[in-house]
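Per TrEMBL, the features are:
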REGION    1-38  region 'Disordered'
DOMAIN    57-178  domain 'C2'
DOMAIN    221-352  domain 'C2'
REGION    470-511  region 'Disordered'
DOMAIN    766-891  domain 'C2'
DOMAIN    938-1064  domain 'C2'
REGION    1100-1123  region 'Disordered'
REGION    1150-1195  region 'Disordered'
COMPBIAS  1155-1166  compositional bias 'Acidic residues'
COMPBIAS  1179-1189  compositional bias 'Basic residues'
DOMAIN    1268-1389  domain 'C2'
DOMAIN    1510-1661  domain 'C2'
TRANSMEM  1760-1782  transmembrane segment
TRANSMEM  1816-1836  transmembrane segment
């Protein structure tokens, strides 16, 4: 197949794109080439089939056979939860739960903190189809205080779908903050933030992770939210209303058997389906009600989802299900992609849809008890039949959370909605579908013996099973508007169309016919001149406008795609003027866009237009207009130099157009073709209805409407995956036309001419129906010549790793095969196949312009069994009619490369040419003669004729044989005496034999050569085959493995450049300073001048004034930039400084990139951006980029000068071209190729060894100049070292590993290093690091090795297990030999400075001067000449550098080493011999696991030094052992608090007060929390403590982390090390005696940067917490001691921070030694005790409290009650006195009258008791009462007075 890309059906979106046959207009090509086509340019393997393309009656076939969706793939989702901030809630114990689908993983729980730090890494592995994967929801939730017994309370969640992550750049979000919201309360706002990294890797993806070492803590949360670009940070809640009205066309479920059984029992025949609709969106599910026994259910319900907007879940899944007692089954699934029904631009619109019908596709409509294609109904894979259509609409409403009538929960709700009118979705029209089968060939032989027919269906019409539905639907829908339709028909149609075919019955199947044999694999149906037809009438809503607009855009996109492929091809084949072709493409694009604008706006008032139609039309008009304008603007900017960039931008136009053409609201369902053999459905094809929809306007017409289309039928469902799906079930040539019945007059126009119609006669006088078959009267006879020259890179089909390929060519009903070539993947058949008497039907001129396609299949011949399929491609022949001349420009045809596909994968290329010659009236005499080379004796096989075969010239190929490596066993026997055979175009050479592979696997003879005739055109060069054989006893040979070098271009020797001699004419002085800036700065400053100019280039780094600056700085008051203390520095200082440089360089690069992108866009036009699913908010990116830059700059100035090394974020090999500068490694393959999707991945399992060597080819000519020192036996390979064994000391430094794949159940691993080199194995098992996925090793290992025997170093990371064997986590392999021999000098990296002591000591045993001298000698360079004034000259370059060096004692000595280092660092600038030398470095290598190929299991940072034993021994290895954390002690003195909120109300006294105490701890050491004593009864919020907290901790300065080692649980075997940011937590509490203490407020101080404390409580405000950015920041590690006031804050009900107190504290940081020297006690204890605070004396408090209580009770709380009681008592007293005196008085007055005695007796009794009997008692009681009254008064006034005195208020 031609290698051009074209998008196939929608399903192909996520597979790779299918490639399609190109047809190109020769004249047009001529025009672009300027003048007539130059024969040479055409012969350049033009990959675009050169056929004129006039009538276009045929459309392009799609070569990719296998369905790409639905096949399971490996995915790995990795989530790192770093920390959480601003969690809402007081003093909580949070843990984070990460869930994807059903899998949940939890972090550990952190106690009493609102900003927990976790840094935990989780990995989820999946093996599912992409669609399923991308719809999975990733949910991050924070749970408060969950334990074994409690499920915990949910604080908030964040969710997004995996597809959103995968569509991010690099498939990841890095260090982003997920905003938590509460799903139960949408009014609540933000519940906190979780910082995490999320990445999704599919097999074969690589992820670039920024460097893990330094995590800057200054996080701008709002600016780094975990949201895709273009989603606003403030997302709102919204309601999504999905209305579901009704469904129709449901398949007849369990008809046959069950129906009869039910009928027998119940006696009625009901519809046997109970449908309901289930909708899934953003992890929630909603269902409608179930409609019992109903094939046309009406629901009229709406499902309401509440979710954030814009949602981070892209798709809504709508499913019709059949409710069943046992289990419900899906009957059809539809996915709504919200991106296609909304637009986030300035003039965008919210998601909206319909009301519109959506069509659902799935398994076949026939009912079987076990449906083998059931997963198709679930939406997995491409549906093979129509299932139902559903009438829905979607609307979105943004909620205003403040309005009171909104329910705050997000539960899914189901409500009823009113019915919808019949016409809401458009007027029902009668559609007519016509099809004619012109040819059915390549029918698989398994089904060749039974009669075969084809069935065509559209929706539920044409399906044999549903035959009954038509009259009913027609009656129902057509009845209403019959009359007006009638009149319309009369107006719109021509006379002959007036027939009323109301009783037209559809013919949906062709008559069965028995196939005829073509060859041993395939059959064909003998249609000959009689072609069967089908036609179907169906009724659908007339929404053609939607499809027309989509067609116009698709049409523009197709043209653009073809044009871009042309340009790619021109660039690839190095033809001239690609920029002219690109300009033409852009011109055509802008014209197409203008045409769309004029066409798309029609039929505006059509019924059934929805809001989405209107909005999409607006969107398409503006976007297409923008694309047109940008294309026009870009056209003028296309230059030869910018072609590639502009091509990329044009590619963006293409994806944008494709996105716009995807119409979300369906109308007419797709058409399905089924091949039925003996009543059984075998294979199908699906044709989108828009592709064959008719319109009178050409641009609107579907691309296959009224054209002959070649369709390959394929097996449905899962069976179609893999080899079964690669064989063609049948190839049909079919003509299809779909349109309104009233447009029918044109429906046969596109067929090849020359036929008669055969109709079903309906009796006399009745109108005739469409034809049921066509008979062709015209036929042409042709001869087809197929010139099969060669193929390359074919699939390995045999276990030897080779194949025995032959090609089978099919044309029409004939087929022929080439000869079989044994054991090769690059066969050169050089064979002409002639097909005689090919009969083609139709007019001659049409066939000339549009011949049928030729199918070429390549097979591997096996001695037993049938041949294996190896791939397939298509071609179109160049046609010559009988009356045309056979000559240029079209004849003879040129050889071209065709891409071969096997399933969806490319499987090689074929070089061939095809010509179709008409046999005229004189028979074959007129045909051009076949003139091939005659000297070959190949029997009946004809070679390719002379005019077509390429022109050859003589080449010499020299081969460097170095050695063989890593050969595996062959048939269980070890390889002992291998030999390499090289072959190219039939000639070849053999290496010398390796006599004992184990002892020495190198060859004794290094260079051999052979001469061969090769095509002049380099693109046609045949591959070169490398085969390794093992020579066994008795003259037997066994093939070990082979490799085909497909392109020899990189090995072609092109003589020395003429310019090269100019070097010597000028001197160029490069002045280079001693201390170069970090890498990316340097790039800006080195100015490279043209080699011929004379100039002095000064490269200055900021150092000259740097020294001045430094001095000034010292005077300055900022203590931060003091000069570094050399003795403090170690290798890690250098490492961390280098990483900082790396991250800055990456940031700068990003910023530059985004700037250049913005610039590009400004260049093009002001029109929108170019990516389809990108947001128009590009500005944000730009802004961010700039901000970053500004951050980098000031940093630069502050950074102290440190010598740095280079940190490579990937393998060293990738920067140095695999170190294959002269020694190449060719992998040897053996065994069958993988049948997987990605062949390249499975190829790794087929590697059986490596051949090391090289090639050099050049044309043989007489005047080959030879150098004087030329070694003749070495040919072109001069100056290469000998390959005798050499002993080497290998020193491996392993620094750290990151993101390891967890190996234990607890989601962690216990990693250790294992090293293998040759027979040496080192397992560093005892030094495993417990429970760590980012272990810091800091180890070096010395291993002695002998090249070539031990050349591959394997560094593995294993997981230590207490029981059982240790598991491999991942490994990386390094080829040391190539590094050792490379001219990039990868043995020991060149440091940026020469030092003889200190952290940057020179590691190489050779000094820089020695290295430089050797390099000059090896490169035959003039120099080095050291001159005065710190200069050195090499060739014509002069370098300058300092010449002094300090030794350990600080004495300065003269040295030339600095000069030499300078030259070495700039070695690539030296003419002729220069190349980049490997600097001192650290490389980051991916770890891979053999069982999970292609998916990274983590990364390892390391480097390797190689020292040959014959040279001086190197010094001891560098000490890179991890820095031991330094012991520190933090002393925090809490002096006072103020304005602490008063929490307690005194029950008795009602005063507000608090019993204050302060609690503090260092983050991560919660168990070591310390409390002050309690300051009781503070009524002003003031508390005095003078209390000291003492926190010893271990701290890593470089990483700014505290190191904690503790056991994870009581069952843990050993301690686990955690690294946690240094943060001090202080909290203020209110102590309670009986209930739990109350939390009042807290502050967390990051000890590295926290706000400087305020001098007075007044200056201490809440701003210090809420507005940190503005505050002056300090670090305790620099200040050592700091005192001040800090605010305590807590969140109020509204979720905002409020001030709850202030604390005066003093922080004092001491190192471990200082703390030992001057110890201090905790609290106020010895040593160094603090004085007691001056608190109000509470000694009397116990005494005062009851009085206060009494006062409070009497005077405040019960005042009125007291008054009432006193009044009552007074009244009682008066009454008492009255009664006391009354009796005596009365007695005096009255004579004793006994009548009153009964009344007086009690008084007398009382008087007697009080005055006589208990006189003293009464006196005592009264006295006591009086005293009490006095005391009461005293107490009433006393407290206030005392409090005034005591508290000094």
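Just so you know, glycine gets a Cβ as well, placed from its N, Cα and C.
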Q: For the transmembrane segment (1816-1836), could you work out the same-chain residues 6 or more beyond its ends whose Cβ comes under 8 Å from its Cβ atoms?
A: 1747, 1750-1751, 1754-1755, 1810
Q. Taking residues 6+ outside the transmembrane segment (1760-1782), which of them lie with a CB under 8 Å of any CB in it?
A. 1754, 1803, 1806-1807
Q: Return the stretch with the most CB pairs under 8 A relative to the domain 'C2' (1268-1389), choosing among 57-178, 221-352, 766-891.
A: 57-178
Q) Tally of helix, strand and coil residues over the domain 'C2' (1268-1389) according to DSSP? A) 12 helix, 53 strand, 57 coil
Q) For the domain 'C2' (57-178), what does DSSP give as the number of helix, strand and coil residues? A) 14 helix, 63 strand, 45 coil
Q) Quick one: DSSP breakdown of the domain 'C2' (766-891) into helix, strand and coil? A) 6 helix, 63 strand, 57 coil
